[in-house]
């Protein structure tokens, strides 16, 4: 029986032998289509090739593409675990022709692979075609020998494929496998086609038309082929099961979940193990591709998936985080086919562990609220939308998690009510938003780009250049001229000013004309990826369209920014070497004063790791090697070892920066990255690198702030001065300073403990007041009572003092009011065990707390405590408890 990994390899090798380029899977976050949440089909990485916007050095390709469907139009999340074929993560096998072969070859390849390489019996196969595609009908009969009843004509809904409202489109053929009459269901096109007997295993799309805006279609000059075969589906067929979760790969993950939770994989929690197995795959691959859990966008979808799996882990009865313990099992199964998963194993493991640990407590509280609401409904009916929204807003419960919890009880959610609550929150948020301050609309920038074209950037070679004024804007609107004293935006045909992008701030400087106009530039922005927009206020003279101007970048600030930007490249590589290959850049800010670098890592760096990173970067800086730049295609650059930043969009040609020398690297270079920013000429120009902070930005994302050059030198001088001043004040050497600080901290803690103990002793001996009574012990109806007001005592010490007082009394009631040094009040009541049937400490403490402006109080019948914001009413609180005790004593 062929395993999933063997089937994947066999598919790719078959098409390699047919002259196809075997292309590695693209990332789950598509870098060529901002409209897609995740890559959800095998053709997504090739979309621009099909439309002609991109060319590749091959005309035939085959791939096994990672896909996720868990949000937006394609959302399988709710059904995962309950059905045989729904997944959030799946692999799509595909072969593609870009104007090379067409229908005949596509059908022949598919039939040969299925019937010869995979050895499926022809008697179990049937196909569908588009109802008007006589050509496909003839080819299927000729190539396969299928009878007419095995070639089913269907309408456009199922057998005509379109990329969108416009663009390439065409008929498609689907190949179905018949599981046999022991499984209910009918053939495609029949009334009961939704049964499980006939399963689609391969879809062949024949792209032969161009769809136009008016609805008309014209034939493409070079028709293409796009096919897709779900690996999980074909594996199920080849392994003799109609359930994808019974295949060897999925079964291994289900068994791993069951073993880790000490439960039966096929018992009452079978659905939960299926959910965990599926969601482990999607969560792990999304994390490996750079998506981190968050409260918006792709990160929120990831968090929904993770939390749904975590809720099912709780249903199984696992008390500790589970998913992170299953990552090694997943890597064993899929790490060879997808090396990025193996590289990111540490990041995936730690992120899952942290996310589940944080969610556990919230999950418990949220489920308690949900159980209470279900109980109030008698365990049936519809949960109110506002309750579902509260679970979402307060406890982080995605709606589908709540729906999933209700599903097993036969209940549902008021979706309309939930949507209304969500809409109200968004409306409130919009009302509170003051706006971005952006004056020029996007329409203006589009018009200008079409009119004047892209700005040519000359700043790599020089900080000074001549330009022609091609656009002026005041208050976001184009004008013909600008007078002195006016805030304006200036666009020239070419510029040495770097526009803010890639994390690097825009250049500043000055622009002036021959007739005396001076325009100080305070910022440079990039619009539509093409226009360099210089922002400032005209200091003198007049600027007009068509003027020739001299443009000078502030060289000192540019040089400082260069150093910081180059340092981020050295830092990135050092982090990967010290922490692991899972480190990827998640954001940066590079300015003249400092640099900020955000990166994926699941936990704080240790002081030793920070020191090692600094050492590596400064060692490379001291080499003073030349920084080299080459222009290449993105594909060639990455193939040559350049590091591309996740999520960054690259054009047809990119700058490849190589920095530093490294004997360990095959090409002898320390760092190679794609980057369009400005950089130093030699790494020695950075001078020195110093990390000043390392902190958390979000779950799984850390931030380093650092200084270079003069900024780093000034920082070190200041730190040295502070250390020397502190050492001088303590009359020790700077070398002894750390040990002395530790000693002083320990001494302070000891003195604080002694002071607290002395205060308690003083208070209990009567020095802290006793509520106006000379003797601390009073009697009410034969019941002894101690009532004290304790000044300067920490409320957290009340429990111990209550216990001591109860021992002193033997039998009775104790009430203590503590007033801490910050003026906050707290009251505690203790009742000895022999009296708890008559006096309840919780009820007594509520009476005292109310007198001090407090509400409630919690504890046990023998000990209870509450807060009291009005500490000045401490005596009244003591009197209130005395009165309550007196009443109960009298009643007895």
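Glycine is no exception: its Cβ is also placed from the backbone N, Cα and C atoms.
Not measured: the values here are computed from a predicted model.
If you check Swiss-Prot, you get these features:
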BINDING   565, 569, 675, 679  Zn(2+) binding site
REGION    852-871  region 'Disordered'
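This view paints the features noted in Swiss-Prot onto the structure.
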{"residue": "565", "record": "Zn(2+) binding site", "Cβ within 10 Å": "26"}
{"residue": "569", "record": "Zn(2+) binding site", "Cβ within 10 Å": "27"}
{"residue": "675", "record": "Zn(2+) binding site", "Cβ within 10 Å": "23"}
{"residue": "679", "record": "Zn(2+) binding site", "Cβ within 10 Å": "23"}
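The Zn(2+) site is set by 565, 569, 675, 679; from the centre of their CB atoms, other residues of the chain with a CB within 8 Å are 562, 566, 568, 657, 659, 673, 677, 678. DSSP classifies residue 675 (Zn(2+) binding site) as coil under the three-state reduction. According to DSSP, the secondary structure content of the region 'Disordered' (852-871) in residues is 1 helix, 9 strand, 10 coil.
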